[in-house]
Amino acid sequence: MPKESEVINSEFHVDVQDPERLNGHPVAKFINKLSGQPESYVNRTNYIFGRTLGAGSFGVVRQARKLSTNEDVAIKILLKKALQGNNVQLQMLYEELSILQKLSHPNIVSFKDWFESKDKFYIVTQLATGGELFDRILSRGKFTEVDAVEIIVQILGAVEYMHSKNVVHRDLKPENVLYVDKSENSPLVIADFGIAKQLKGEEDLIYKAAGSLGYVAPEVLTQDGHGKPCDIWSIGVITYTLLCGYSPFIAESVEGFMEECTASRYPVTFHMPYWDNISIDVKRFILKALRLNPADRPTATELLDDPWITSKRVETSNILPDVKKGFSLRKKLRDAIEIVKLNNRIKRLRNMYSLGDDGDNDIEENSLNESLLDGVTHSLDDLRLQSQKKGGELTEEQMKLKSALTKDAFVQIVKAATKNKHKVLAGEEEDDSKKTLHDDRESKSED
């Protein structure tokens, strides 16, 4: 039986003879050999680890500095103990590594390196420091359809390239679209290929559901088979949200989402007054991408030739005020709950990690900003009081704000904000009884 490292090396063509990878300090290599560490573990000495950027069910993502190049990178650290006996998740890890190494595009996060210890796998990728897509939009003084076109063109270009390689991302959403740096003209990159799939051929289909509710295509949920068109649907949802600040779908369950998609002639509605100053071309663009039958959706290449993309008649009026109404509350709620969930996941991982043999400390907690939680609590109190005044029902405006959240984030932050604040700050375990379709890797089912 080959070792896990041998399986990865042969499967993903990692060149273990690369001098930069293995010609490390001879003392470090000798110590690693004595301690039973894999040969590639010597590469860890080339990195200084920084803050934790995120955490899932099987590990964390941390910022790091590569000493040999002085380059900042992101390192996904996965616990082998958490993956042990889970062949599906191991296969997903191998597929993510394989896909990342095959892709090379300016709008796709780039693969840098991988290595392993006795207890963990390390995947090193480009670090995008410019912030998430919607966060940057909120910081602007002006946002027009022209700006939206520039964003969607970059996303479409990346998806067109992926699809040419028969790769389906399956989790396109604003949180996975990042700016490379903080410069005004920074390019965007698509990140998180954790549930991406390599198709065997042009017409190959996947039959197991995975994705994020609110952005996932209907055919993924019905498990009738999905392929490249599911990414096009997600682009349609991103475009809609980009131009008005709220999600087109407010359902908090799979059943509710499917009902929303099929209740009317079109799966989405362009509400007044939010869409009054938006061009007819972009509405047509969105409706094309959101066709219920995946076979009827245009390809990424065809969308790049759409009149909204190529026309010089795109609206230039400032739509930022309306967009901010939807983005602002969404950001406050999501930021607070993600910090709470991050620390809780890290605690669970640390408990598992403490049983390992590695001497390094790769998993650390982040601090929760108390003022952030205060602001969210007040926003929720206002929302709750206004709802009570209207007989327990949210207004249309409040429903739009709520629709900007995923089911899990909204449910969990309401719970957190209504509990004793100090318990929340202490990282009390959250109730995971209700989950979205895509909660990191726990609910990702694969072939």
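Note: Cβ is positioned from N, Cα and C throughout, glycine not excepted.
Annotated in Swiss-Prot:
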type	residues	note
DOMAIN	47-309	domain 'Protein kinase'
MOD_RES	Thr316	phosphothreonine
MOD_RES	Tyr353	phosphotyrosine
MOD_RES	Ser354	phosphoserine
MOD_RES	Ser367	phosphoserine
MOD_RES	Ser371	phosphoserine
MOD_RES	Ser387	phosphoserine
REGION	421-447	region 'Disordered'
COMPBIAS	432-447	compositional bias 'Basic and acidic residues'
MOD_RES	Ser443	phosphoserine
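A sphere of 10 angstroms centred on the C-beta of the residue listed as 'phosphothreonine' encloses 11 other C-beta atoms. Thr316 (phosphothreonine) falls within neither a helix nor a strand when secondary structure is assigned with DSSP, and so counts as coil. Along the domain 'Protein kinase' (47-309), the predicted structure has mean pLDDT 91.
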